[in-house]
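S.K.: One structure, as structure tokens, below. Some questions next.
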Amino acid sequence: MQEYHIHNLDCPDCASKLERDLNELDYVKKAQINFSTSKLFLDTSDFEKVKAFIKQNEPHLSLSFKEATEKPLSFTPLIITIMVFLGAILILHLNPSPLIEKAMFFVLALVYLVSGKDVILGAFRGLRKGQFFDENALMLIATIAAFFVGAYEESVSIMVFYSAGEFLQKLAVSRSKKSLKALVDVAPNLAYLKKGDELVSVAPEDLRVNDIVVVKVGEKVPVDGVVVKGESLLDERALSGESMPVNVSENSKVLGGSLNLKAVLEIQVEKMYKDSSIAKVVDLVQQATNEKSETEKFITKFSRYYTPSVLFIALMIAVLPPLFSMGSFDEWIYRGLVALMVSCPCALVISVPLGYFGGVGAASRKGILMKGVHVLEVLTQAKSIAFDKTGTLTKGVFKVTDIVPQNGHSKEEVLHYASCSQLLSTHPIALSIQKACEEMLKDDKHQHDIKNYEEVSGMGVKAQCHTDLIIAGNEKMLDQFHIAHSPSKENGTIVHVAFNQTYVGYIVISDEIKDDAIECLRDLKVQGIENFCILSGDRKSATESIAQTLGCEYHASLLPEEKTSVFKTFKERYKAPAIFVGDGINDAPTLASADVGIGMGKGSELSKQSADIVITNDSLNSLVKVLAIAKKTKSIIWQNILFALGIKAVFIVLGLMGVASLWEAVFGDVGVTLLALANSMRAMRA
């Protein structure tokens, strides 16, 4: 579907009606409007006809491919209108002479027309299309009817305060939209393309693969690429949530959206902007807010019946009692108008999507990206969670946990020999040994003269350090060189070490459990998760050790299809939605089959594509945060629904009893909408 920006769309109910009208057109396959971001997603065979339809039915709206600069809303006209209105009322009551009454009548009529301009025009547009239940038409009918029953001061006051409420509603919506735009603004706006000795300013979208771009200090990398010249530090916080800068030099891969902190870089473009990391982050957030939750779908359908129902009730209040001699028509029409004032479903229609929008926005600022708002609803119902082990519950970073010397050698010697043999290796196991050697022995690797270095695939390394031959690897490596050695029973990866054909001992290397893993599971229990399980392709001993530490059940040595099958059984056992958290390629099928699949940001691209939620900062505590956000968002939305319906029901009853006035009924409509909007904004701070 093609994406368009809709300008001047400031009414949520109008957005729903326009979406419905567009979907009824023969030449439109699908139309979807995101009121929160003012975007139209359109699949049509005739775009010009769509434009003409919108121009005819909503002439104040316009479409464009690019977002227009938003004009700031001005309080001045509103304040002047209110001041003139209050001044006229004050003069009228202080000096109620016939001349003053006539003069103030014309002033109030002018105030009515000025403040109600949008309502009056909108009402006539709606009536022309046969939309008799349009909120503008109902407001116009209510104020005119109030005028004819002698309540012309209240008629004008309703229009003034309704318009004031609409203005404040626009302001609140505008601010919420800016919150999303603040997230989108992490994407770079410009790129400096190198053409010979010149730099040309272009949009990142216009860059092509193999182009060379120059990124100065303080600027953002426009697209994913590789450094061809220069060395610097990059801040990748916008992509991963990590605050630690990353050092890059020639041949280093860099991500679009990263901030250059230290020196000028020349980067060769590897991906088009639409395929870059930052574009995917922005797209994920926007796609999430485009989707409608089940609650929102229900409210949209409910609102279509709500307005006619309230209008019917108001009509019955106005007509039936006088027919049975229970009072005058003027009295009961006035009471019916009070009920009519609360017929607009705006508080419901706008607060639900903005509540979810706030939840998605709050999550994104914490490094949690959602692919749809439906996951917020499902998360609140989940009772079970299963984890992959390596890279999810563990750091995926190897660490020396034990050194076992043999044949009279010391731990220090075993570690020193192993480190010497692996100085030229970049394998994670080799790096963990080098790190341990630096920490324990303060060994200076630059003093070692390494010769004849050889990596034996799947087994280990062989290297000559000065005049000594060192071999480090698994049992197969030692067997190949006919070196006798002792068997090991420890859990983890074993690196055997031989020095000049003599076995000196072995090193145990284990993956570390994440620092926040235990705390995460404890906090998840507080959030209502009752059942925990580890599903791993690793061997039983390694998985069992982690499971015992965390206190949860486990299944080990699983193939990808077995992992999916075991997860399905785990989920069915507890008869409630279940979450799966993983990061590897073998996790993708299970992530896709889970009620909510959560992919860790440093995992494989396939796992992130299969997940409903991507945690960019790789922190397990983000699981706790996203559950808390989901629950708070749901709570806020249902507060809005119950509050709006409750207040409106109260005013219908008060109108029937003749207790409430039209002034007070304005609060039942506009006031409730504003309070619901303000409450929805709390989700942004979840």
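The backbone N, Cα and C atoms fix where each Cβ goes, and this holds for glycine too.
Annotations per Swiss-Prot:
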type	residues	note
TOPO_DOM	1-72	topological domain 'Cytoplasmic'
DOMAIN	1-62	domain 'HMA'
BINDING	C11, C14	Zn(2+) binding site
TRANSMEM	73-92	transmembrane segment
TOPO_DOM	93-102	topological domain 'Extracellular'
TRANSMEM	103-124	transmembrane segment
TOPO_DOM	125-131	topological domain 'Cytoplasmic'
TRANSMEM	132-151	transmembrane segment
TRANSMEM	155-174	transmembrane segment
TOPO_DOM	175-308	topological domain 'Cytoplasmic'
TRANSMEM	309-327	transmembrane segment
TOPO_DOM	328-332	topological domain 'Extracellular'
TRANSMEM	333-350	transmembrane segment
TOPO_DOM	351-635	topological domain 'Cytoplasmic'
ACT_SITE	D388	active site, 4-aspartylphosphate intermediate
BINDING	D583, D587	Mg(2+) binding site
TRANSMEM	636-657	transmembrane segment
TOPO_DOM	658-665	topological domain 'Extracellular'
TRANSMEM	666-681	transmembrane segment
TOPO_DOM	682-686	topological domain 'Cytoplasmic'
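Looking at the shown structure, what environment does each listed feature sit in?
M.R.: Helix first, then strand, then coil: DSSP counts for the topological domain 'Cytoplasmic' (1-72) stand at 23 helix, 22 strand, 27 coil.
Taking a C-beta cut-off of under 8 Å and a sequence gap of six or more, C14 (Zn(2+) binding site) has these contacts in its own chain: E58.
In the predicted structure, the topological domain 'Cytoplasmic' (125-131) carries a mean pLDDT of 72.
Only residues 6 or more beyond the boundaries of the transmembrane segment (132-151), in the same chain, are considered here, and those with a CB under 8 A from a CB of the stretch are 11, 13, 17, 112, 116, 118-120, 122-123, 125-126, 158-159, 162, 307-308, 311, 330, 333-334, 337, 340-341, 343-344, 346, 662.
For the transmembrane segment (309-327), same-chain residues at least 6 beyond its ends with a Cβ under 8 Å from one of its own Cβ atoms are 133, 138, 333, 335-337, 339-340, 342-343, 648, 652, 655-656.
Sequence-distant contacts of the topological domain 'Extracellular' (328-332) (same chain, six or more residues past either end, CB-CB distance under 8 Å): 149-150, 317-319, 321-322, 658.
Long-range contacts of the transmembrane segment (333-350) within the same chain, counting only residues at least 6 positions beyond its ends with a Cβ under 8 Å from a Cβ of the stretch, are 11-13, 16, 35, 133, 135, 138-139, 141-142, 145-146, 149, 151, 158, 169, 173, 299-300, 302-303, 306-307, 310-311, 313-319, 640-641, 644-645, 647-648, 651-652, 654-656, 658, 660-662, 664-666, 668-669, 672-673, 675-677, 680.
Around D388 (active site, 4-aspartylphosphate intermediate), taking its Cβ as the centre, 28 other Cβ atoms fall within 10 Å, counting all chains. According to its DSSP assignment, D388 (active site, 4-aspartylphosphate intermediate) is coil.
DSSP gives D587 (Mg(2+) binding site) a helix state.
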S.K.: Ranked by the number of other Cβ atoms within 10 Å of their own Cβ, which of the binding-site residues D583, D587 ranks first?
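M.R.: Going through D583, D587 one by one, the largest Cβ count within 10 Å is at D587.
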S.K.: To the nearest Å, how far is the Cα of D388 (active site, 4-aspartylphosphate intermediate) from the Cα of D583 (Mg(2+) binding site)?
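M.R.: D583 (Mg(2+) binding site) has its Cα 7 Å from the Cα of D388 (active site, 4-aspartylphosphate intermediate).
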S.K.: Mind checking which residues reach the topological domain 'Cytoplasmic' (125-131)? Cβ under 8 Å, same chain, six or more beyond either end.
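M.R.: Tertiary neighbours of the topological domain 'Cytoplasmic' (125-131) are 17, 57-59, 137.
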S.K.: Going by DSSP assignments with H, G and I as helix and E and B as strand, what are the residue counts for the topological domain 'Cytoplasmic' (125-131)?
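M.R.: Within the topological domain 'Cytoplasmic' (125-131) the tally stands at 4 helix, 0 strand, 3 coil.
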